[in-house]
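A.B. asks: Take a look at this one; I'll ask things after.
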Amino acid sequence: SGKGQVRVRDRSKIKGCMVHFNLDAKGKVLRVVTSAGKGLLLLGFLYMFICSLDILSSAFQLVGGKAAGDIFTEGSVLSNPLAGLVIGVLVTLLVQSSSTSSSIVVSMVSSGLLQVQMAVPVIMGTNIGTSVTNTLVAMTQAGDRNKFRRAFAGATVHDFFNWLSVLVFLPLEVASGYMYKLTKLLVDSFNIQGGEKTPELLHVITDPLTKAIIELDKSVISGIATGDPAARNKSLILKWCKTFTNVTLRNETVPGPENCTSPALCWCSQDLCYTLHNISETYNIQTCNHIFVNVDLSDLAIGLILLALSLLVLCSCLILIVKLLNSMLKGQVAMVIKKVLNTDFPFPFGWVTGYIAILVGAGMTFIVQSSSVFTSAITPLVGIGVISIERAYPLSLGANIGTTTTAILAAMAAPGDTLANALQIALIHFVFNVSGIILWYPIPFTRIPIRLAKALGDITAEYRWFAGVYIISCFFLLPLFVFGLSMAGWKVLVGVGVPIVALLIIVIVVNVLQARLPRCLPAVLHSWDFLPLWAHSLEPWDRVVAVVAAKCCCCCKCCQTGPEEEEEEEKGGGGHFLEMYDNPAMMNGVDWGEKREDKEDVLKATQL
């Protein structure tokens, strides 16, 4: 304007603004080549990101896979629905793959160790456990307050959907068994034959890299869960990728006629009996080619190495993906993409948009063969503001449906003797997610997960340490606490659990009345100020965390406040100025729950 100050947060944008209107042919070619290069880099980082998620799952299986198999060995524990739910959560957390934990359940059901009806809570637990991956991915954007608010809310909307669905449908299933009965009716009604192997669409691209790093023998975990003593001493690392099994009919000595294969194939002398037996012998033909095939390390050591490397690659790729997206999605490009992704169809067809997003999420999850990969990929897009949380919600619901359709196809490829049970378990997973969508999506008022995720996003943006508390509490401490109560017996569970649940319900009801109908409450309950500050505010806890953090990293520059910077801002804040952000187009329209200082920044950005 010639009068006001211009304060630029990213000085590299000045040059781009100057040459924007004066590009010659060389400049235009350079721009096209740069854009194409960024696009190729983005695809490369996305490929590495997906491969690192696959390696991360393998690392977790090496570290905790045998423990996960041991958890399933106590069939009596699984007869308790709450214990079964918690076991499903913990096992999926240990192996970081809902498909692996589901396959363990199928193996146990097929071997007769677990009834299908007892497996329903376990399947619900796997649904919760698989949603932790994208929540951890959101933590990588904690450096920017606004991006973290959006990313964490976009990730946890999936968590809240799964938790709320379990709170409603687990008691309903225990009381009525409607999922079991409905899926049993479907399986019995159709004469379904075993099919081909599930199509591996994305794995065709990622397997060359991931299998060059590590390959696992996933039958070991299932063998431990089904009580195979030989599986306990086997390594999870696959050494022989090509084997040959030869079955021969041989004479075998048995103690008596009752041990013979059949009366027609039994010959007895005075002291011994002989029978014909099928003997299977497996010959190793070709070793695998991954880098850990001949490494003299334990499964735990290799798992920890892969865990550290995969987390490093995952976080690096995610940060670079966000940087590239911020660089590519600028100006009108960002506005067009944001408008296309988040705009509803014209009236009266606006309601159709969400259901199309569900179908898109299901289709994309079917392509990548993993709900964790898809939801983790859209989390950074929510963080930078390209996808709104209202659009991320149906996409996540579609991801839940997509992963169950993959499981159904995998179940249909099962052998004939296990086909019915495998298919019924996959259908139970499908019915559970569809029931949750029917309950928590069609009516806007019932989209409670969105409101809860936004509220949690606001809290974690202000107190970023609370994100870690949320993950540890919801995915580790709470399941272990419930598991301990359920193992102590139903009397302890009722005696401890009912008062806690009743207190939570009272707090929720009072909060709702405080916001909507305060006149219905006594004066003392118009606010929570009558309680100690630490009991209704995170501010005292934040001071404790700040003191601990200051002691731990007092020499770290990023952990200290910048008084010099604050003074500089106060001195420069007297006149009108224009603030330029790294991605200005994303700042159009302040997102939900913006803090007062963020709103003032946006207002200043519009002044000259």
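Cβ from N, Cα, C; glycine included.
Predicted automatically and left uncurated, TrEMBL annotations should be read as such.
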A.B. asks: Transmembrane segment per TrEMBL: which of the ranges 118-139, 228-249, 272-293 is that?
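C.D. replies: It is 118-139 that TrEMBL describes as transmembrane segment.
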A.B. asks: What range among 13-30, 373-390, 535-552 does TrEMBL describe as transmembrane segment?
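C.D. replies: Result: 373-390 is the stretch TrEMBL calls transmembrane segment.
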A.B. asks: Do we see three or more Cβ pairs under 8 Å linking the transmembrane segment (118-139) and the transmembrane segment (373-390), pairs being at least 6 apart in sequence?
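C.D. replies: Yes, these stretches are in contact.
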A.B. asks: May I ask for the residues of the chain that lie six or more residues beyond the transmembrane segment (40-65) and have a Cβ under 8 Å from a Cβ within it?
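C.D. replies: For the transmembrane segment (40-65), the list is 94-97, 100, 133, 202, 205-206, 209-210, 213-214, 216, 218, 220-221, 236-237, 299-300, 302-304, 306-307, 309-311, 313-314, 317-318, 320-321, 324-325, 328, 368, 370, 372-373, 376-377.
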A.B. asks: If I count Cβ-Cβ pairs under 8 A between the transmembrane segment (345-367) and each of 160-180, 300-325, 422-443, 492-513, which range comes out on top?
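C.D. replies: Of the candidates 160-180, 300-325, 422-443, 492-513, 422-443 scores highest.
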A.B. asks: Based on Cβ pairs under 8 Å, which of the stretches 77-98, 160-180, 300-325, 422-443, 492-513 lies most in contact with the transmembrane segment (463-486)?
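C.D. replies: Most contacts with the transmembrane segment (463-486): 77-98.
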A.B. asks: Short question: which residues 6 or more past the ends of the transmembrane segment (77-98) have a Cβ under 8 Å from it?
C.D. replies: 56-57, 60-61, 63-65, 67-68, 71, 104, 114, 118-130, 132-133, 166, 170, 173-174, 221, 371-372, 403, 475-476, 479-480, 482-483, 485-487, 493
